[in-house]
Amino acid sequence: MTGTYDRKWEIDLLRGMAIILMVFFHLLYDLEFLGYHESNVQTGIVYLIGRAAAILFIFVAGISLTLSFSKQLELWQTKPKFIKYVKRGSKVFLWGMVITAGSYIFLKEGIIIFGVLHFIGVAIILSYPFLKYRITSLVTAILIMITGMLLRTITIEQPWLLWIGIQPTGFRSYDYFPLIPWFGVMLMGIFTGNELYPQYKRKFALSDLSELLPIRILTYMGKRSLLIYLLHQPVLIAILYIAGFADIGQFTS
């Protein structure tokens with residue numbers, strides 16, 4: 001199928017850019033973990049790079065959900081079934097559980113309990129009622145992000161509400177993306193997708209730059225973002241080990 005219903009290359013480009021930022025952030029994170037780089041990944045420019053990667057990745061995920069939804073509506077004149085999103089979200093969530101298991105084995109502390117893949121998996125399922133509704137998505141996103149600011153002041157002794165955004169005292173995780181406020185970011189993407197791509201059609205003029213080599217590389221990465229996310233940390237650790245920066249024992253002791 002060509003023409004109006006082609007895959008939107010600019011979305012893959014943005015996702016590829018998010019992946020580059022994420023890999024760079026995790027490289028700096030690994031170097032700090034190993035004692036080679038004093039960047040303090042919790043503050044300053046390195047922290048901003050990590051946040052930018054996460055925001056862009058989740059925001060684009062929201063746009064992508066509206067595109068797949070509207071494309072099926074336009075091409076087949078049928079509304080995508082909820083079970084499709086349950087299956088898709090569950091698959092991503094299960095990959096998040098693989099990350100949890102890996103962090104339990106290899107990390108000394110900060111085990112990943114509800115990281116970005118856990119979040120995206122659940123958010124894909126929760127997004128279904130919003131996919132057609134632009135203003136509802138925007139208003140709900142704003143309310144969720146405001147609520148997120150309020151929840152930061154609340155702590156409890158039990159971890160059962162971590163997935164929402166209420167943390168127990170002393171909680172620490174290397175990858176933590178609770179539904180509040182991050183579902184607000186995805187809903188902003190859903191709002192933007194409906195605003196800029198009604199009926200899967202671009203509402204704006206855009207020159208086709210998809211054949212330029214740098215963009216082809218980034219869009220290629222964007223199309224394979226889940227695979228890259230799953231593999232990039234083991235690859236980074238292997239490279240650092242080969243280069244003499246890392247001892248595997250540092251990740252398991």
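From the backbone N, Cα and C atoms, a Cβ is placed for every residue, glycine too.
Heads up, TrEMBL stuff is auto-annotated, nobody curated it.
Residues annotated as domain 'Heparan-alpha-glucosaminide N-acetyltransferase catalytic' in TrEMBL: 7-234. The transmembrane segment feature in TrEMBL is assigned to 12-29, 49-69, 89-106, 112-131, 138-156, 176-197, 226-246.
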Long-range neighbours of the transmembrane segment (49-69), counting only residues six or more past its ends (CB under 8 A): 8, 11, 14-15, 17-19, 21-22, 24-25, 28-29, 41, 80, 116, 119-120, 123-124, 127, 131-132, 177, 182, 185-194, 196-197, 200, 225
Touch test for the transmembrane segment (12-29) and the transmembrane segment (176-197), at least 3 Cβ pairs under 8 Å: no
